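Engineer: TrEMBL feature annotations, pasted as is:
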| type | residues | note |
| --- | --- | --- |
| DOMAIN | 6-118 | domain 'Acyl-CoA dehydrogenase/oxidase N-terminal' |
| DOMAIN | 122-217 | domain 'Acyl-CoA oxidase/dehydrogenase middle' |
| DOMAIN | 231-378 | domain 'Acyl-CoA dehydrogenase/oxidase C-terminal' |
Ligand code: CAA
């Protein structure tokens, strides 16, 4: 068994690390304060190939593996989780979904732009009454022959205001339950498609989260993804990979907070010595580093499973469950190590603590991950 990263992986990780320090760190506090979408930073991430990392180069992507992707996600998330969620949704949910299940025409028209960052995508599953209970879709897509008519509301949609293309999940035939659900590509600006107000969030405040309203939106039939009734399976399969990206985001938030706490503890003095010399602090660092290392192994294992063509439903859910708990625990401790300074924005750890919480909620709450894991364990 070889735990070392290849030269190529190290190069990609270092490129992401440099980018995060030079391009994401300046202004991260201001973007968080003002809930300012990182337009310039997203443009640069597109130029660097971070927005379509695993897409086939023939559609403009980087043709990289999932291990490379999680390395980049961790590095970006150490500094700015608002930027990394944009990367995660575009790569794992939108680009992956289209590459794996889209038609050639859909790939030509949409994936080529999404993979290069010329356009941004959003994934629209959650509804006021269908977040965890994803089969209970209320948004309808009525089949009218050569097109569908979409009606309903989606909630908490990442990239909701900034996206150009939206993958929308909707119910076509309620009697068929999850087998009557479809997924569609919807373009911003289509008649009847309205973007609701921006949510005022606890964390990842630089990313834009909106509700979306569909009022008799006509969607051409060629914009349905997969066969009739494939929408729920599409969402589940896509989210399984998405969870690996969010697990890597949680890992990055945790490791970013840990590094800040470690460095601070080496310079801050109390009782005549640097605080890292007190066991009260040193033991905290030991605990933080231990759980981060365990989380990293789990994230890497899930990414490796995906790259090997193994099933990754369980390993992705376990990685997300554990890494997101680690992100919460470690960021709280990082604030504690910083004492009063930890409560002040300029030291970054309070933002990381606020950002950590969403990793236990989106792309399936921690409770949903336990459903996925326990069903996987008990299915045979
Ligand atoms: N792959 C393929 N098929 C799957 C699957 C998977 N991973 N998971 C379930 N299915 C299939 C099942 O096999 C079943 O099909 P059959 O009846 O043909 O056998 C069907 O889907 C229904 O499955 P269940 O009976 O298990 O469905 P359920 O209603 O009990 O719930 C669930 C399953 C796992 C809880 C699911 O509803 C779920 O994942 N919920 C959470 C949704 C979620 O993650 N939301 C986040 C929104 S997106 C987001 O946050 C993005 C963002 O902005 C950052």
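Here the Cβ of each residue, glycine as well, is placed from N, Cα and C on the backbone.
Bear in mind that TrEMBL entries carry predicted annotations, made automatically and left uncurated.
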Engineer: Using DSSP, what's the helix, strand and coil tally for the domain 'Acyl-CoA dehydrogenase/oxidase N-terminal' (6-118)?
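Structural biologist: Helix/strand/coil tally for the domain 'Acyl-CoA dehydrogenase/oxidase N-terminal' (6-118): 85 helix, 0 strand, 28 coil.
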Engineer: Based on DSSP, tally up the residues of the domain 'Acyl-CoA oxidase/dehydrogenase middle' (122-217) by helix, strand and coil.
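Structural biologist: Each residue of the domain 'Acyl-CoA oxidase/dehydrogenase middle' (122-217) counted once, the result is 7 helix, 50 strand, 39 coil.
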Engineer: Give me the mean pLDDT over the domain 'Acyl-CoA dehydrogenase/oxidase N-terminal' (6-118), rounded to a whole number.
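Structural biologist: Taking every residue in the domain 'Acyl-CoA dehydrogenase/oxidase N-terminal' (6-118) and averaging pLDDT yields 98.
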